[in-house]
Amino acid sequence: MLSNISAGENSEVEKIVVKCSKSGMHNYIFITIPIIYSTIFVVGVFGNSLVVIVIYSYMKMKTMASVFLMNLALSDLCFVITLPLWAVYTAMHYHWPFGDLLCKIASTAITLNLYTTVFLLTCLSIDRYSAIVHPMKSRIRRTVMVARLTCVGIWLVAFLASLPSVIYRQIFIFPDTNQTVCALVYHSGHIYFMVGMSLVKNIVGFFIPFVIILTSYTLIGKTLKEVYRAQRARNDDIFKMIVAVVLLFFFCWIPHQVFTFLDVLIQMDVIQNCKMYDIVDTGMPITICIAYFNSCLNPFLYGFFGKKFRKHFLQLIKYIPPKMRTHASVNTKSSTVSQRLSDTKCASNKIALWIFDIEEHCK
C-alpha cells in the first residue's frame, strides 16, 4: 500500500505491503489532480497577490482585520507556489524528481498553510465578533499591535506543528521499481507520535477552530438580527452571508479531516483491508483539492466582499496610484459602532457586507 503518497499527507514507508501496492494508482487521478492543482495555482496566485498589493499599497494595514487578511494571503501564496511541484509529482505517477530539499520545503509549506489558514480565519471571526457585538469593550484590545503579535504567535505555533515535515519528510527510493517518492519516512517506534500529530491536526487544526468560528458568527447573526428586527430582507442578506462563511469553512475542510482520521486508523492497523486502503489513497488527493481550493476562495470572500477593498481594487486595475491620505484607525471608529448599528443611514449601505469590510466604516 502506498499510504497517502500525495501532497502533504502522511506516508509510513515501512508499512507498504505488496498486495496493496496499487492502491490509489488510477489513471484519472494522474490526469485530473494535476489539472486541478494547476487551476488552484493560477487563481490562488492571482487572487492572493491582489489582496497583498491592495492592502499594502492602499490600506496600509490600519486595522486588525487587514493585518489578519494580509497574513492569510501571504500564507496562501506560500502554499500555492508549491502546487506546480505537486502537479508534476502526481502526473508522474507519484515520482518526485525535485530532490530532498524541495521535498521538505514543499511539504512544510502545506502543513504551515493548513494551521496558519485555520488560525487566521478563527482570529478573523473573533475580530468580527468583538467589533460588532462588543464594540466599546473591545476598543482597547483591538489594535494593530495586538494583531501583529497574534500573527507572530500563529506563525510560530504553525511552524512548530510543521516540524514533523521538516524532520521526517524526505525522498525514498523503492529499490524494486526505482520510484522516488516524497514521503514521511520514520521508524515503527515513532508511529504513535505521528498518529498523535494527525489527531492534533483533526482537533486543533479543525474541530476547535470550527466551533469558535461557528459560535462567533452565530452570535454576530443574533446581534444583527436584533438590530434589524424590522428589516426582514436585510436579515436574510446577513444570514446568508454568515451561513456562507461557516459552510465554506466546514465543507472545504471536513472531507480532508475525515480521510486524515481514516489514515490514522490505517496506520494503527485498525483498518487492514486493501479496498479501504484504495479508497483512502484515491480520495486523499481529491480532499486535498477541496481543502486547498479554500486558498483561492479566501481572498474573494474576505477581501472582495468588502466595500472599501473593492474600491481600492478598481483603483489598482485602472492604474490609479494609492492616495496619500491617512486611513482612520479602527480605534477612532469603534466608539461610534453602537450608534451606527442603529442608524438608518448605515442600514441603507449594506451592513451585511460590513462583516467582511476590513476598514470597518460605513459612510
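Positions of Cβ are set from backbone N, Cα and C atoms, glycine also.
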> What is the disulfide partner of Cys103 among Cys20, Cys151, Cys182, as given in Swiss-Prot?
Replying inline: Cys182
>> Is it the case that Met92 shares a side of the membrane with His26, at least as far as the topological domain names in Swiss-Prot go?
In response: yes
> C-alpha of Cys274 (disulfide bond) to C-alpha of Cys103 (disulfide bond): distance in Å?
Replying inline: 27
> Among the recorded stretches 28-57, 144-167, 193-218, 240-268, which has the greatest number of Cβ pairs closer than 8 Å to the transmembrane segment (64-91)?
Replying inline: 28-57
> Tell me which residues of the chain lie with their Cβ under 8 angstroms from that of Arg169 (angiotensin II binding site), as long as they are six or more apart in sequence?
Replying inline: Cys103, Lys104, Ser107, Thr108, Cys182, Ala183, Leu184, Val185
>> On a simple 10 Å Cβ count over all chains shown, which one of the disulfide-bonded residues Cys103, Cys182 is most densely packed?
In response: Cys182
>> Suppose we draw a 10 Å sphere around the Cβ of Cys274 (disulfide bond). How many other Cβ atoms does it contain, all chains included?
In response: 14
> What residues in the same chain, six or more past the boundaries of the transmembrane segment (144-167), come closer than 8 Å to it by Cβ-Cβ distance?
Replying inline: 8, 61-64, 67-68, 71, 104, 107-108, 110-112, 114-116, 119-120, 123, 127, 184, 193-194, 197, 200-201, 204-205, 329
